[in-house]
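Student: To start, I am sharing the structure in question, which I have written as structure tokens.
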Amino acid sequence: MKNSIISYPRIGANRELKFAIEKYFKAQSSKEELLETAKNLRARHWKDIQNAGIDFIPSNDFSLYDNVLDTAVLFNIVHTKYKNLNLDALDEYFAQSRGYQGENGDVTALAMKKWFNTNYHYLVPECDDASIIALTGDKIFKEYLEAKELGIESKPVLIGIFTLFKLIAFKDKKTQKLAKEKLLNAYIELFDKLNELKVTWLELDEPYLVYDLSKEDIALFEEFYQELLNHKKDLKILLQSYFGDLRDIYPKLLESKFDALGLDFIEGKQSLALVQQYGFAKDKILFAGLINGKNIYANDYAKSLKLIKELQKYTQNIILNTSCSLLHVPYSTEFESKLDPSYLKLFAFAKEKLQELKDLKEILNSSEENPLFKANQELFKNIPERLDEKVKARLKALKKEDFTRTPSFKERALIQKEFLKLPLLPTTTIGSFPQSADVRSNRLAFKQKKISAQNYTEFNQQKIKECIQIQEEIGLDVLVHGEFERNDMVEYFGENLKGFLFTQNGWVQSYGTRCVKPPIIWGDVSRTKPITLACSKFAQSLSQKIVKGMLTGPVTILNWSFPREDISLKESTEQIALAIRDEVLDLENAGIKIIQIDEAALREKLPLRKSDWHSEYLDWAIPAFNLVHSGVKAKTQIHTHMCYSEFSDILKEIDAMDADVISFEASRSNLSLLDTLKAVHFKTEVGPGVYDIHSPRVPSVEELSLTIEKILNKLPKEQIWINPDCGLKTRAYEEVIASLKNLVTATQKIRKQL
């Protein structure tokens, strides 16, 4: 029995990659220094994996920003607008990921989307008429040889041709048709080069196969691989899937020329049933994904061994594997000195998951009497308490009316127009303002008990004063307090709710250099005291204008945390919803007129197969949001915000959330959402983000005016809000002030024309 992993976290044990790239962006280090840091990280990760006894060690899973972008660059799928900047290869790469504004030109970044059902974001490759698709890159070969120099025969990992083709944004059908053959030829050339290097295994990741596949999808997949696999020669090909099962194509894969199939037995609900029904091919190896790559709880070896024994009825050719990339979990628990050992022993981050694979291999190669098995089973005895009877009783007492807000949206809209007295096209921001080094230092000093609570609060209040003053000077209509007291929109609430645990160093990559530290939902959740009330009251006291109360919604708190596995996601979300509901009512009672409840991650756990959308997710996720705000008065305006996602197919469900205003991140997708909003007669007032805050470029008044006009051409003027597409926490003040001034100027210019 051997073992494998799909891929490993890139950012480093202490986010070394993040800091190295950010230094390069600020021109504080050279290209050579950045690439040296990256090379050292790769070497360290390979050695960690090798030392853990993993047999199939991945290469080419490392990325400076995003592996989808890496794959596009490998095959020269780069839009002409980036080529025309005439930058060197590295800066052209970063121009695609961040946008570019300088002496060589002014271009926006590629669109960003959620990677399937995760909180990782990928960049959408763009292919236009001038794109010459060919194997022009060498990253996959260089990194294979790099590992080889360290004495490691690695398994290069690459996004498969079918998934890549489905993810590319083609200019039109003609461009797409021409690209198909060119891309196939490029993959064939890649196979030839890997054969020249005498590579043994290539892993092709095809997660798109876990979606609902049409006949056309299956035909396209077969067309690609019937040709491609004829060129594999001595190269062995592992077709790797994750985030679901292969029910639409599994029987065909058994008859294909792939040397191995990677199945997900964690999220793949039907993976085991498919093997039981159709068996497994004698000429193939099964890479069995049984170590959860998306959650941090320790593996129960008894369950894994039971699964392996069942699979062995159908094949003896089994490799133990992760369910997906370990990119989605933190690096290692060894940096967690503050978590009680009674909890910590029950968690496995990326490095510990390597150990779990090693243990399982050793147990399977010996017997179940192995001490490693006994030690694992001991972990699950005498675990810390998780239940709270008061929370259970409160959930049980919920009635149907607790999930419905009255009066109707139309009635509320009239009441709110009269009460709030806002102008046409009201301007606002999404919530957070830049968190400079002094803000982070103040928070750290307070956490380390180097300053008093009073000093900490006074510092934040001064920052709030400055933030309110800046917004008033710019001329925004609805203000925010800036969120200087918050480290993260989820972690901050988790820290103030009972039932959560926190890591010191549990960082996970969200996109590029953006890392998040997800809380761990351990027990039943409740609110023990007000969380945001003091900050919101203080901020509102500083201005005659409305200052929004800012909260994170229950679905996002769940989706951006590591969830419990002992109760349903529905129950866990409803517990959080009740806690946030208490906060909403406190804010309203304190005179806060607009309360924003962000559901940035609403789409994240939406099942990848449409048949499961309602029964497994939307039927409880939407009511959980309703539960949060159903108790407020008609005059209180409820806002929500949603991050990069595909919304067009769930807009009716989003409308059913019954918020009064919703802001979307829409700028990177060229506001393509507007046509769908119009088509479904979306009732909620909307703020489609008018510029991309994830890029350092400052949009001009002219650019913003054109964007606002585009929105007005699609939606009624009474329904529109003007705002950036996300919070401003990660930007510099000079960028923020310049952009917001242009936003207000553009809005005022358009108002005069209405």
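Heads up, the Cβ atoms here are built off N, Cα and C, so glycines get one too.
Pasting the relevant annotations from Swiss-Prot:
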BINDING   Arg15, Glu16, Leu17, Lys18, Lys114, Arg514, Cys515, Trp560, Glu604  5-methyltetrahydropteroyltri-L-glutamate binding site
BINDING   Ile430, Gly431, Ser432, Glu483, Asp598  L-methionine binding site
BINDING   Ile430, Gly431, Ser432, Glu483, Asp598  L-homocysteine binding site
BINDING   His641, Cys643, Glu665, Cys726  Zn(2+) binding site
ACT_SITE  His694  active site, proton donor
Student: To the nearest whole angstrom, what is the C-alpha distance linking His694 (active site, proton donor) and Cys515 (5-methyltetrahydropteroyltri-L-glutamate binding site)?
Tutor: 13
Student: Cα-Cα, whole number of Å: Cys515 (5-methyltetrahydropteroyltri-L-glutamate binding site) versus Cys643 (Zn(2+) binding site)?
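Tutor: Between the Cα atoms of Cys515 (5-methyltetrahydropteroyltri-L-glutamate binding site) and Cys643 (Zn(2+) binding site), the distance comes to 15 Å.
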Student: Which one is it: of the binding-site residues Arg15, Leu17, Lys114, Cys726, whose Cα lies the shortest distance from the Cα of Glu483 (L-methionine binding site)?
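Tutor: Looking at Cα distances from Glu483 (L-methionine binding site), the smallest one goes to Cys726.
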Student: With DSSP assignments reduced to helix, strand and coil, which class does Lys114 (5-methyltetrahydropteroyltri-L-glutamate binding site) get?
Tutor: strand
Student: Taking Cα atoms as reference points, which of the binding-site residues Lys114, Ser432, Glu604 is nearest to Glu665 (Zn(2+) binding site)?
Tutor: Lys114
Student: Let me check the 10 A CB neighbour count of Glu604 (5-methyltetrahydropteroyltri-L-glutamate binding site). How many other CB atoms are there?
Tutor: 21
Student: Quick check: of the binding-site residues listed here (Leu17, Glu604, His641, Cys643), which one has the Cα closest to that of Gly431 (L-methionine binding site)?
Tutor: His641
Student: Take the Cβ of Lys114 (5-methyltetrahydropteroyltri-L-glutamate binding site) and count every other Cβ within 10 Å, whichever protein chain it belongs to.
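Tutor: The answer is 20 other Cβ atoms.
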Student: Can you figure out which of Leu17, Lys114, Ile430, Ser432, Asp598 (the binding-site residues) comes closest in space to His641 (Zn(2+) binding site), comparing Cα atoms?
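Tutor: The smallest Cα gap between His641 (Zn(2+) binding site) and any of the binding-site residues is with Asp598.
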Student: Given the recorded L-methionine site (Ile430, Gly431, Ser432, Glu483, Asp598), which additional residues of the same chain have their Cβ within 8 Å of the Cβ centre, ordered by sequence?
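Tutor: Here the nearby residues are Thr429, Val480, Met489, Met550, Gln596, His641, Gly727, Lys729.
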Student: If you measure every Cα to Cα pair among Arg15, Glu16, Leu17, Lys18, Lys114, Arg514, Cys515, Trp560, Glu604, the residues listed for 5-methyltetrahydropteroyltri-L-glutamate, what is the largest value in Å?
Tutor: 27
Student: Hey, what's the widest CA-to-CA gap across Ile430, Gly431, Ser432, Glu483, Asp598, the L-homocysteine contacts in the record, in Å?
Tutor: 13
Student: For Ser432 (L-methionine binding site), name the DSSP secondary structure in the helix/strand/coil scheme.
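Tutor: Reduced to three states, the DSSP call for Ser432 (L-methionine binding site) is strand.
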Student: Looking at the binding-site residues Arg15, Leu17, Lys114, Cys643, Cys726, which ones sit with their CA no more than 10 Å from the CA of Ile430 (L-methionine binding site)?
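Tutor: If one measures from the Cα of Ile430 (L-methionine binding site), the binding-site residues that come within 10 Å are Cys726.
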Student: Reduce the DSSP letter at His694 (active site, proton donor) to three states and note it down.
Tutor: coil
